[in-house]
Amino acid sequence: MAKPIVAIVGRPNVGKSTIFNRIAGERISIVEDTPGVTRDRIYTSSEWMGQKFNLIDTGGIDMGNEPFVTQITEQAQIAIDEADVIVFVTSGREGVTDADEKVARILYQTDKPVILAVNKVDNPEMRAEIYDFYALGFGDPLPISGTHGIGTGDLLDLICQNFPEKITDEEDGSIKFSFIGRPNVGKSSLVNAILGENRVIVSNIEGTTRDAIDTKFVTETGDEYTMIDTAGIRKKGKVYESTEKYSVLRAMQAIDRSDVVCVVLNAEEGIREQDKHVAGYAHEAGRGIIIVVNKWDTLKKDNKTMKDFENLIRQEFQYLSYAPIVFVSAKTKQRLDRLPTMIKKVNENHSQRISSAVLNDVLMDAIAHNPTPTDNGKRLRVYYGTQVAVKPPTFVIFVNDPDLMHFSYERFLENQIRAAFDFEGTPIHLIERRRK
Ligand code: GDP
Ligand code: GDP
């Protein structure tokens, strides 16, 4: 499940986000002619020749008012901390600069593979310029052009050749989960409270190349859990660790490695925009989700408080209608004992398989009660469905013409599937395929 991580580093304006976008395969961040443009996305999943990996654009982690040199060296430090392979980007147009040398000096401190890419080598004549880059001390420079897509295939080959043999995320049968949420909602308090209530077996699990601080524990019922630490939670100190982009990055990594993600909200402060971003990532990643409303002790409550809060969540997080909600307090430990059981149940639902026979009974029943839509006199025909994947459960529905499947009818089928089986806490995906 753990995918290797590739980080792109380099001084501003060498083309990091251009390369990021090219590898990501879509234009997901804004590239402008100004250095230091804001980037929305700095973390993405990608694939090359069947090898999956995650990619970080460290250039997108802006440290506010910190001086330029601090920013680029901290970004290089992030790459060292987070990545399995580092791509050091420079520019063939400008040649080797002082700032490149500063980045290089930080990167000398790691044993991790560093690939030196000389970007903006847009034509073969420019290849003569790359020899100066040997002086940076990272072996053969690789000429590429991010905007023209020249050499990016070679770069990807080289990246994949340098992945560590084995990135262990032990498949030990334990349930992997994490707490995510904006700063101050109470993630570390929840982590500590949960660990305080259960028997910790191993903390600081070795084996990952990154400095993950996972903790394995066992509950009274004998179930084993691995808590994936979003770090930043229990390890704080460096300048970049307080930046929002970095906390999102850690959250994304934790989401990636979790089966179940607990999205933590703060009852005291209510729902904020940033809560939705974080939750949105977990949803997009197809993980099991539980909404944990923490600091429940801080509210003056009457018999409507919980229901009102629940309605608010349902309204603000409509795409998470499948996620159960639990109101807890890390401080008083109220209802915290329920959490492991909920995580276990959501994990089961997330990996649940439905037999085709039973699934088709449900689908055919649904169609009999609510006839398929028509478009220009042409009626959607649903032939059969089958589950093709778990985590999240994914169903292929064979139809005469996928274009005839309206969003609302798909939603109806999903609801019928949810009514027939327990998929609480997990997204389910429906994919229509044409069958003649
Ligand atoms: P970053 O600050 O390192 O992320 O750099 P950007 O990706 O924002 O690119 C900085 C500028 O260099 C933009 O104007 C890009 O269009 C330009 N650029 C990026 N890659 C190339 C390239 O391969 N060739 C040329 N000629 N320009 C490029
Ligand atoms: P994080 O940034 O999400 O890891 O949040 P912390 O766990 O550091 O908590 C932020 C603050 O909220 C700390 O002062 C905690 O003591 C406080 N806090 C956390 N959980 C609760 C809770 O359930 N009730 C109350 N009243 N305070 C809490």
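Each Cβ is built from the backbone N, Cα and C atoms, and glycine gets one as well.
If you check TrEMBL, you get these features:
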- 10-17, 57-61, 119-122: GTP 1 binding site (BINDING)
- 181-188, 229-233, 294-297: GTP 2 binding site (BINDING)
- 4-167: domain 'EngA-type G' (DOMAIN)
- 175-351: domain 'EngA-type G' (DOMAIN)
Densest Cβ environment (other Cβ within 10 Å) across the binding-site residues N13, T58, N184 belongs to T58
Euclidean distance between Cα atoms of G181 (GTP 2 binding site) and G10 (GTP 1 binding site), Å:
29
Which of the binding-site residues N13, K16, V121 has its Cα closest in space to the Cα of G181 (GTP 2 binding site)?
K16
Among N13, V121, K187, W296, the binding-site residues in the record, which have a C-beta under 6 A from ligand 2?
K187
Can you count the other CB atoms that lie within 10 A of the CB of K187 (GTP 2 binding site)?
25
Taking the Cβ of I61 (GTP 1 binding site) as the centre, how many other Cβ atoms fall within a 10 Å radius?
20
Near ligand 1, which of the binding-site residues N13, K16, T58, G181, W296 are found, taking a Cβ distance under 6 A to any of its atoms?
N13, K16
Cα distance (Å, whole number) from K187 (GTP 2 binding site) to I61 (GTP 1 binding site)
22
If I restrict to non-local contacts, at least six residues apart, and a C-beta distance under 8 angstroms, what lies near K16 (GTP 1 binding site) in its own chain?
I8, V9, G10, D57, T58, G59, V89
Integer Å value for the Cα distance linking V121 (GTP 1 binding site) with N184 (GTP 2 binding site) is 46
Between the Cα atoms of K187 (GTP 2 binding site) and N13 (GTP 1 binding site), what distance do you get, rounded to the nearest Å?
36
